[in-house]
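Chemist: Got a structure here, written out as structure tokens. Questions coming.
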Amino acid sequence: MRLQAVTAVAAWAVASACQSLPGTRTIWSRDADYKELSEKLSPSAKAYYPGSDEFEKANTRWSNLEVPTVNIVIVPGNENDVVETVKFANKKGLPFLAWNSAHGAMTTLGQMDSGIEIYLDQLSGVEIAEDGKTVTIAGGTKSKLVTDTLWAAGKQTVTGACECVGYIGPALGGGHGWLQGRHGTIGDQFESANIVLANGTLTSIDSSSDLWWAIKGAGHNFGIVTSVTSKTYDIEHKDWAIEILTFSGSKVVELYEAVNTHLLKNGTQPTDLINWSYWVNVPSADANNPVIQILIIQEGVNTVDSAYTTPFHSLSPITKEAHSGSYTDLAKWVGITTTDEPCQKTGAMNPRFPIYLETYNPQAQKKAFELFSDAIRGDSIFNGSLFAFDGYSTQGVRAIDEKSTAFAFRNQNVLTAPLISYMPDGPELDEKVAKLGNQLRQILHEGTGREHIPAYVNYANGDEGPEQWYGSESWRQSKLQSLKKKYDPNGMFSFYGPIA
């Protein structure tokens with residue numbers, strides 16, 4: 001059962017997509033124009049051209065839908081290499097885009113045409129301060145290295161759940177993670193950051209900078225963060241436990257009523273508790289229809305408290321499984337380690353259509369489940385798709401003034417999105433998927449009774465907009481526009497969640 005569940009999670013979390021370009025497609029001479037840049041780069045910097053294996057590997061993204069067109073990959077060996085590459089791109093009038101693990105799947109990325117990829121893979125490292133209160137993390141560092149390095153030193157911080165995703169990228173959009181109930185979002189941990197601005201200036205910023213507000217929630221729009229210094233914490237609880245329960249889809253209403261009552265508790269879910277759920281095909285559980293999996297995770301115990309699990313046991317799950325271990329086992333239990341399928345490359349399209357919820361509307365859940373099930377059951381080309389509902393604890397997120405950062409959704413309790421995974425087969429299929437994804441999102445939205453759709457920018461499809469990504473309040477939009485005009489007047493950083 002776990003392996004099948006993990007396969008489903010694979011489609012959700014981080015399936016990869018491969019985009020290679022013809023070897024003849026370049027917009028400047030390798031021998032002439034690139035030489036100008038190469039003379040300014042460090043000896044450890046690298047350049048990959050179309051047609052090479054290195055280029056193909058570096059130019060791989062999570063989703064193959066609307067990918068950037070890259071003509072050369074620069075792999076900086078240090079921060080100054082990023083500076084020189086940005087200056088070179090500006091001089092030549094070339095677009096550029098920095099990426100690390102390349103899990104962002106927003107369709108706006110496809111607007112970068114014939115540009116420079118700044119691949120941060122070599123900028124990787126974790127250095128704990130002598131006093132143990134902070135850690136400096138390089139721009140290309142993956143979450144697993146952060147977690148493992150800190151854990152070995154008796155420390156931890158908030159990171160994303162998936163091991164192969166970068167640490168800094170998610171933080172620029174806020175950043176959800178296992179420990180957010182105690183400490184806030186990933187971005188909330190920042191103490192300072194080194195950032196390369198649109199004009200090629202490398203600067204260090206902290207809370208004294210007006211840009212500090214923006215990079216913690218809308219940071220993709222303002223520069224390339226080459227390193228950050230973040231808060232660390234002593235490990236408070238080494239023990240963790242999980243229980244995974246699989247149900248027939250016919251229980252959808254009862255299940256989400258139970259989640260509301262026994263887990264979410266009107267936004268007062270206990271700090272030590274996390275609840276996720278998936279809608280997914282698991283043939284060994286139901287050969288004909290998608291099922292609902294409820295994942296209940298608890299910190300500081302060897303067995304999840306029966307007060308949380310018993311209400312679900314009474315709903316007659318098809319299967320139950322339990323695991324106990326430490327914080328470093330969480331990714332393994334939910335199937336998102338670096339060796340699991342989510343971190344492998346498949347070439348699939350992987351659009352998501354996120355929406356935050358404060359609570360579940362069980363009837364809306366039923367309506368969405370029926371539509372999703374009809375789309376993915378059996379031999380459907382979408383049968384590897386997944387609908388995920390992430391209910392992290394939120395006390396640490398709510399404890400921080402909602403006006404203090406560009407992350408606008410501190411009062412939301414559930415992060416949800418359907419991931420519709422499929423292999424490329426032309427624009428008509430892409431349009432069909434976009435229609436389905438937005439129908440599913442609209443059902444949940446109508447169930448909330450709200451006017452605006454709050455959408456997590458790190459999961460965004462790209463057809464939303466600044467008000468959905470960064471908050472509908474006029475003061476937020478005005479502040480972002482003002483900072484954009486000041487720091488990036490020419491819109492060089494406008495390919496991911498653009499403000500304008």
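Cβ from N, Cα, C; glycine included.
The domain 'FAD-binding PCMH-type' annotation in Swiss-Prot covers 65-235. Annotation source Swiss-Prot lists N-linked glycosylation site at N199, N266, N275, N383, citing sequence analysis. Look at Swiss-Prot and you will find 1-20 tagged as signal peptide, backed by sequence analysis.
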Chemist: At the Cα level, what's the spacing in Å between N199 (N-linked glycosylation site) and N266 (N-linked glycosylation site), rounded?
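Modeler: On Cα coordinates alone, these residues lie 46 Å apart.
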Chemist: Within 10 Å of the Cβ of N275 (N-linked glycosylation site), how many other Cβ atoms are there?
Modeler: 22
Chemist: Rounded to a whole angstrom, what is the C-alpha distance between N275 (N-linked glycosylation site) and N383 (N-linked glycosylation site)?
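Modeler: With distance taken Cα to Cα, N383 (N-linked glycosylation site) is 24 Å from N275 (N-linked glycosylation site).
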Chemist: Per DSSP, to which secondary structure element type does N199 (N-linked glycosylation site) belong, with helix, strand and coil as the options?
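Modeler: It is coil.
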Chemist: Taking just the CA atoms, what is the gap between N266 (N-linked glycosylation site) and N383 (N-linked glycosylation site) in Å?
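Modeler: Pair distance, Cα basis, whole Å: 33 Å.
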